[in-house]
Amino acid sequence: MSADLTWLLIRNYNSFQVKGGHGPTFSREKGNLLNKSSQKYSGLANSKVVAVAASPNGGVTITKIKADAKPNQVASARSHVALKRSTGPRRANKIVAGETAGKGYRADLRAAAVARTSALLLAQRRTANPPKTIQRGRKQAPSAVGKAAAEQEVEEIAVDVE
């Protein structure tokens, strides 16, 4: 079935659509780089799909469908490129750009794939000195001065009651 016919069949009715009140329709499908419900970015309607996702170990995984893919062999039709957590952002972006456009796969998705990779790496980045959380209100432990004052008030109340 052609990509155009597939899109005509699924564009208004599929389980991945997310419709808000007023505004664009989004999509949760795998392989949709911008999560937009459109034919260009659809991971279901296109025969050449690029997916950029976070790895469980902290890196980034790029998944593509091979050119000679058979429709009944889904698992073997995908090729994966795993980038380690230690891969720098510039190198990761270069690899993603090469996987999408450099090898003549989908040049129109280069900017979206690089943007998604940058966002994933930024979200995974660790800070050298994370800020200390300061508890406020009732969760805050009473200070030594506050404890002494509280104990003194309790003693005064106990004396007044007697």
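Every residue, even glycine, has its Cβ placed from backbone N, Cα and C.
Sequence annotations record features per position, and here TrEMBL assigns domain 'Ribosomal eL28/Mak16' to 5-121.
Here TrEMBL flags 125-149 as region 'Disordered'.
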Can you count helix, strand and coil residues in the domain 'Ribosomal eL28/Mak16' (5-121) using DSSP?
35 helix, 24 strand, 58 coil
For the domain 'Ribosomal eL28/Mak16' (5-121), the mean pLDDT of the predicted model:
90
